[in-house]
Amino acid sequence: MAAAAKLTAAASSLLLRRSPLLRPHGLRLSRRFAPQRFVRHIASSTNEEAAAKAAAATADTGGPTIFDKIIAKEIPSNVVYEDEKVLAFRDINPQAPVHVLVIPKIRDGLTGLDKAEPRHVEILGYLLYAAKIVAEKEGIAEGYRVVINNGPKGCQSVYHLHLHVLGGRQMKWPAG
């Protein structure tokens, strides 16, 4: 009840007071809180969740992903790093000043981290090494985050394993 008493009238709807899923544990909203920003974040999360669920429905069809088309140069991308095993390019919807995706050039059944098998050990390690190279090239080696979204509950929207390299600003914890 003490947390609810500190909520402003604009943000203290029954939904926000009673739903721990819509606010971090122990969050107290000050009078300066902009409720529309909070609502926009919820809507954005819902859109990402819907996209992830839709992508999961066609995840294992074996058809080419958007990343396969980028590798084949059928779709243009802003390449940051490329070698014989991986391709790194800027995300079209960046979540940080630096947001680069690192993907293996050969999918080999590795649509998500949950599909990893012993034969994938080398490429999994190489993807992390490539993330380090990208961070150095982008000037963020002093601090960055590497993220892998896995499955619909992890908001994976492209079923071709990929790493997000995020940096260029102070990262916060918990991540999400």
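Keep in mind that glycine also has a Cβ here, set from the backbone N, Cα and C atoms.
As recorded in TrEMBL:
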DOMAIN    66-176  domain 'HIT'
MOTIF     160-164  motif 'Histidine triad motif'
ACT_SITE  HIS162  active site, tele-AMP-histidine intermediate
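Note: the domain 'HIT' (66-176) comprises 32 helix, 25 strand, 54 coil (DSSP; helix = H, G, I, strand = E, B). Note on the motif 'Histidine triad motif' (160-164): mean pLDDT across this stretch is 97. Of all Cβ atoms in the shown protein chains, 25 besides its own fall within 10 Å of the Cβ of HIS162 (active site, tele-AMP-histidine intermediate).
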